[in-house]
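Taking it in order: structure first as structure tokens, then the write-up.
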Amino acid sequence: MFSSVAPLVRLNPFHAPHLQLQQDSLALRKRPADEATEPSSTRRTLAAASAEAEEYSCAYGSGRFFILCGFGGIISCGTTHTALVPLDLVKCRIQVDPQKYKSIFSGFSVTLKEDGVRGLAKGWAPTFIGYSMQGLCKFGFYEVFKIFYGNMLGEENAYLWRTSLYLAASASAEFFADIALAPMEAAKVRIQTQPGYANTLRQAVPKMFAEEGVWAFYKGVAPLWMRQIPYTMMKFACFERTVEALYKYVVPKPRSECSKAEQLVVTFIAGYIAGVFCAIVSHPADSVVSVLNKEKGSSALEVLKKLGIKGVWKGLFARIIMIGTLTALQWFIYDSVKVYFRLPRPPPPEMPESLKKKRGLTE
């Protein structure tokens, strides 16, 4: 897919403008002097943009770009989800046994009393492995699909329908990400919510396979899609539009004039706002996933009927805290990885010149 996408990147509306300017500048230098009609100020601007573009370690949309984005997803998702395992453990227990674990505080208290401090780390191994693989697919494929769909729509439509573009690209990426996540998510929930079932991943996997075969690891993939696809669609679309709004209405200067540290602060704020909406949208399906992986032989529809409207919202407050923090940190780490590896980071999209002319906004 990379080979088919990369040649089209320069036509993509989200293509880094500095890289496009670099190409224009190179083309200008190849032209004979008598054909160079641009004013000297334009040539100086192109030359400056070209110098800045040379600082990037790879081209936007290249194979290296996608690979490093996937690596950023591994770091951002794997580390953040693992760090929040104690909160995730309590949240899952509230969902599957609300009589015993009545709130976040009582959940922590009961867990510490029964399992000690080490009990709060139950499920860390499947969490780290599963969400690292999910992050690889989620962020890596998002960049791929965003470019791919953007080229299908064309420059003007990709700008006008950019929210739909973000939604479609993130949904496509998450479809594959959940297939990668499902086996470890199933093992994690068994370890965290079934006392005495297994204490480690090495104990859980053989036991699950012996009892239910391969199906044990993938029976929760449909509820995962129900939970994660709306979550990821909200995560990416809300983040992209929030960043755009922050630079337009809140930040007192253009992004090009902000330092990288200031840009990362905007990233964190936009990520947290997106995370709150993500938690609300995906929580009912998250409750179904937790109960489904605990109870043998149940279907998603049966669990949904059993929980009822009130039951699917148990543990929402804990999930808002967890997902809000998680999403903000993920975007911050992901963007930091891009900065560290000097990857192109296109600014928020602007209306194409051709569309401005159509609407009479330019002469």
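Just so it is clear, glycine is given a Cβ too, placed from its N, Cα and C backbone atoms.
The annotation repeat 'Solcar' is assigned in TrEMBL to 64-148 (among others). In terms of DSSP secondary structure, the repeat 'Solcar' (64-148) contains 73 helix, 0 strand, 12 coil.
Per TrEMBL, repeat 'Solcar' is recorded for 161-245 (among others).
If you look up TrEMBL, you'll see 262-340 (among others) marked as repeat 'Solcar'.
The feature transmembrane segment is assigned by TrEMBL to 264-285 (among others).
According to TrEMBL, the feature transmembrane segment maps to 316-334 (among others). Taking Cβ pairs closer than 8 Å, the transmembrane segment (316-334) reaches residues 72-73, 75-77, 79-81, 84, 87-88, 90-91, 94, 104, 107, 135, 139, 231, 235, 239, 264, 267-272, 274-276, 278-280, 282-283, 286 in its own chain, all 6 or more past its ends.
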